[in-house]
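Scroll down for the structure; my scribbles are underneath it.
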Amino acid sequence: MNAQWGVVIVAAGKGTRMRTAESKQYLTLRDKPILVHTLELFQSMDETAAIALVVGQADIGRCKEWVAQYGLTKVTAIVQGGSERQHSVHLGLKALPSHLQWVMVHDGVRPLVTQQAVRACCTAAMKGEDQGAAVIAVPVKDTIKQVNDSGVIVATPDRRSLWAIQTPQAFRRDLLTRAHETAEADRFLGTDDAMVVERLNVPVVVAEGEYTNIKITTPDDLPYAEFLLGMRESVQVSDKIRIELKGEVSQ
Ligand SMILES: Nc1ccn([C@@H]2O[C@H](COP(=O)(O)OP(=O)(O)OP(=O)(O)O)[C@@H](O)[C@H]2O)c(=O)n1
Ligand SMILES: C[C@](O)(CO)[C@H](O)COP(=O)(O)O
């Protein structure tokens, strides 16, 4: 993963399914806003050259303050988003420095993404050098049913072919730009960036990610995210103690 990446973090949604007065990306998880957790992960990676942060017009001011407060030096642009996620991604893409040839798109409300998962996605995108498109995903664990408007099952797709798609999603920049321009001209709206690329008949590779990379969407996701963060911290503490003890024993 030698390339330098531009990262679009989309955070201009209203979070209607969360049903809180404050948009979910600004709610506090442990000690800081969900969006700051997400930004810090990408800030921490050597591969990240620049971050374009896409937020609502009214939130640009506080995001500027957080960029200074949390030392998020790789955030090179904070831009106003659009009415749909896809519009927000397109606006962020245009705000990245023009020399960057590889781009990732990530939801601001997936704060538990890890460096390993990001790298897996980028590596998969760069493997197919000609095409350059990959997403991170996990195999579904449940049996999935297609249900009609009357609540009756109409199909049971083979689970072995079903994956729950997450972000980041990684692309050659010229491919993603073309895909978004084409979608805009055709008035096509998709729920992720892979969809706009798929309709150009370009293969999008799936790299296996982590079940813990949840998208904070509904109220029950918040205590679960707190729990996962707590687990991660206690693993880090016990790893640190193990290393320190090992050092003492070998002295
Ligand atoms: N017009 C929009 C809509 C969504 N997003 C961002 O896209 C990500 C994933 O979207 P989702 O979880 O659906 O967020 P919301 O649209 O905010 O939630 P809801 O659908 O419940 O209103 C979020 O980080 C969200 O802020 C965005 O940047 N611009
Ligand atoms: C991009 C995404 O996070 C992949 O799971 C998801 O599609 C966003 O969808 P939403 O409709 O904005 O929740």
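Just so you know, glycine gets a Cβ as well, placed from its N, Cα and C.
Sequence-distant contacts of ARG17 (site 'Transition state stabilizer'), defined by Cβ-Cβ distance under 8 angstroms and a gap of at least six in the same chain, are THR217, THR218. The site 'Transition state stabilizer' feature in TrEMBL is assigned to ARG17 (among others).
On its own chain, LYS24 (site 'Transition state stabilizer') has GLY13, GLY15, MET18, ILE34, VAL109, ILE216, THR217 as residues at least 6 apart in sequence with a Cβ closer than 8 Å to its own Cβ. Residues or ranges marked as site 'Transition state stabilizer' by TrEMBL: LYS24 (among others).
Look at TrEMBL and you will find ARG159 (among others) tagged as site 'Positions MEP for the nucleophilic attack'. A simple way to gauge crowding: the CB of ARG159 (site 'Positions MEP for the nucleophilic attack') has 13 other CB atoms within 10 angstroms, across all the protein chains here. Secondary structure at ARG159 (site 'Positions MEP for the nucleophilic attack'), as computed by DSSP, is helix.
The Cβ of LYS215 (site 'Positions MEP for the nucleophilic attack') has ASP107, VAL109, ARG110, GLN166, THR167, ASP221 as same-chain neighbours under 8 Å, each 6 or more residues away in sequence. According to TrEMBL, the site 'Positions MEP for the nucleophilic attack' annotation covers LYS215 (among others).
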DSSP-derived class (H/G/I helix, E/B strand, else coil) of ARG17 (site 'Transition state stabilizer'): helix
Recorded sites near ligand 2 among ARG17, LYS24, ARG159, LYS215 (Cβ under 6 Å): LYS215
